[in-house]
C-alpha cells in the first residue's frame, strides 16, 4: 500500500478537524505526533529499550494484519462468486480497518515496517486461495487456524503490557483488546460455518498455526 | 619512583575503590579540576548521590580508568597559574561550592567530551582529523593535553561527533521548515525539490572541511566505526524522508531510503573531487540523480498499475474457469 503524504494534507483532509492539534505542530521528531486524534496510542517515551519493544510489537502486528488481509483477498479471489462470499467480504473489511489503523500508528511513530512484507503478500494470498480451493469449509478452516494464532499473539502482547505498566499503556491495551475480540469473532464465525468438517482439519490447522508462529517470530526481528 | 607518583598511585587505588563502590549503571562522572584529594573524594560521593537522585537509565559510556588518573596527575604536576585561572573562568564545571549536591553545576563526562570535540573542530583544517586537533581543542578550553586520553577512538570520535552535529542541525532546520509549512507560512515543496534542498543543505556543512573530508570518510569506513556511521547515515536519511512527507508502511519505505542513501553517498564523493566554483557541478550532479530517482518511481508506479490490471484479468479468467 502506497502512502505518501505531505504533512500539510493532514490539516486539509475533510474527515479531520480543521484546527491543528498541538501534536501536528510538534517539531521534535523524536516525540510522538498525535496528529489528528486527541490521544496517542503509543505512549511517548525516551527509553530506547521501551521504544524498541513498542516498535517491534507494532511492526509484527502490522505484518499480521497485512497477512490476514492478503489471506482474505486470496479466499475472495476463489470463492468470490459463491454463497459464502458476503461473509468473507465482511471479515475482510474488518481486517482492512485493522490494517488501516496500524498503518496510521506506524506512520505517526516512524516505525519501520517489516522487510518481509512482499513475502507475506504472496504467502498470505497463496494460503487464502489454496485453502479456498478446498471449498468453503477449507476457507473457514484456514480462517479458524489463522485467527486463533493471531488471538493468541495479541493475548501474549496484552499480557506483556499488563505486566509492565497497565496505566501507561491504556490506549494501546484498549486497541489490542478490541482487535483481539474482532479476531476471536472471526474464529467463532469460522467454526460456525463448518470449518471442522473439512478432511484433514487437525493437520491443516497444525500446519497453518506453525507457519503463523514462524511468521510472527521472523517479522518481529526483520 | 618519586614521592609524588607514590601519592598518585594511592590516589588511583582510592579512585578505583570508589568506582567499585559506585557500581555500574548510570554515570554522572564529574570532570574534576581540583588538585586536592579530598575534593575528588567528595566528587565521587556527590556522583553517587546524584545517581541515586536521578532515575536516568540511559547508559553513557563507562569512563575509561585513565581519565581521572591522567587528569588529576596532569593537574597536580602542572603548577602553573594559568591552570587555576582558567578553572576560575569556567564556574560551570568547577567544584567551588562545598555545600552539597548542586547537580546543575555538574558536567557529565559526555558533555565534556562534546565540548572538547566541538572545540577541536576548528583545528581540523590545520591538523586533520586526528588526536592533534583534539589536543589543540582541549587546550583552548584550558584543559591539559592529557585529557585527550579519554578518547579511545580519537579520530573516529571526532568525525562521528561532527557527523552527529551536522545531522542534528539538519533535522532542526527541516523541523523548523515543516513547522512553517504547517502553519501556512511557507509553501510546501515537491518531493524532488525537497530532497535536493535537504541533501544540498547537509553537504554544504562539509564545505569548511572539504579538503580533509576524504580522510574523514576513510575514518568512517574503518570497521570499528562502521556501525556508528551507518546508524548516523540511516537516521539522517529517515529524517529527510519523514520531513519530505513519506509515511509509507510497505516496501517503499526501504526502496526510498536505499535510493536516497545512494544519492547522498555518490554526491558526497563527487563533492570531494569537485573544484568548480561553489561546487556547481556537485549540485548539478545531485539534481540529475534526483530526477533519475523520481522518474524511476513514476515508471514503477505505472508498471505496478499495469501489472495489477493484468493480474485482475487473469484472476477473472481463472475464476470463471473454476466456477464452470
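We count from 1, first residue shown onward.
Quick reminder: no glycine exception, Cβ is built from N, Cα and C everywhere.
If you look up TrEMBL, you'll see A:65, A:95, A:98, A:183 marked as Fe cation 1 binding site. Residues or ranges marked as Fe cation 2 binding site by TrEMBL: A:95, A:147, A:183, A:186.
Location within the structure of each feature annotated in TrEMBL.
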residue : record                   : Cβ neighbours (10 Å)
A:65    : Fe cation 1 binding site : 22
A:95    : Fe cation 1 binding site : 26
A:98    : Fe cation 1 binding site : 23
A:147   : Fe cation 2 binding site : 26
A:183   : Fe cation 1 binding site : 28
A:186   : Fe cation 2 binding site : 25
Rounded to the nearest angstrom, how far is the Cα of residue A:147 (Fe cation 2 binding site) from the Cα of residue A:65 (Fe cation 1 binding site)? 10
In whole Å, how far is residue A:98 (Fe cation 1 binding site) from residue A:147 (Fe cation 2 binding site) when you measure between their Cα atoms? 13
Using Cα coordinates, what distance in whole Å links residue A:98 (Fe cation 1 binding site) and residue A:186 (Fe cation 2 binding site)? 13
Neighbours of the Fe cation 2 site A:95, A:147, A:183, A:186: Cβ within 8 Å of the Cβ centroid, same chain, sequence order. A:68, A:91, A:94, A:143, A:146, A:150, A:151, A:182, A:184, A:185, A:187
Other than A:65, A:95, A:98, A:183, the chain contributes near Fe cation 1 (Cβ within 8 Å of their centroid) the residues A:64, A:68, A:69, A:94, A:97, A:99, A:150, A:179, A:182
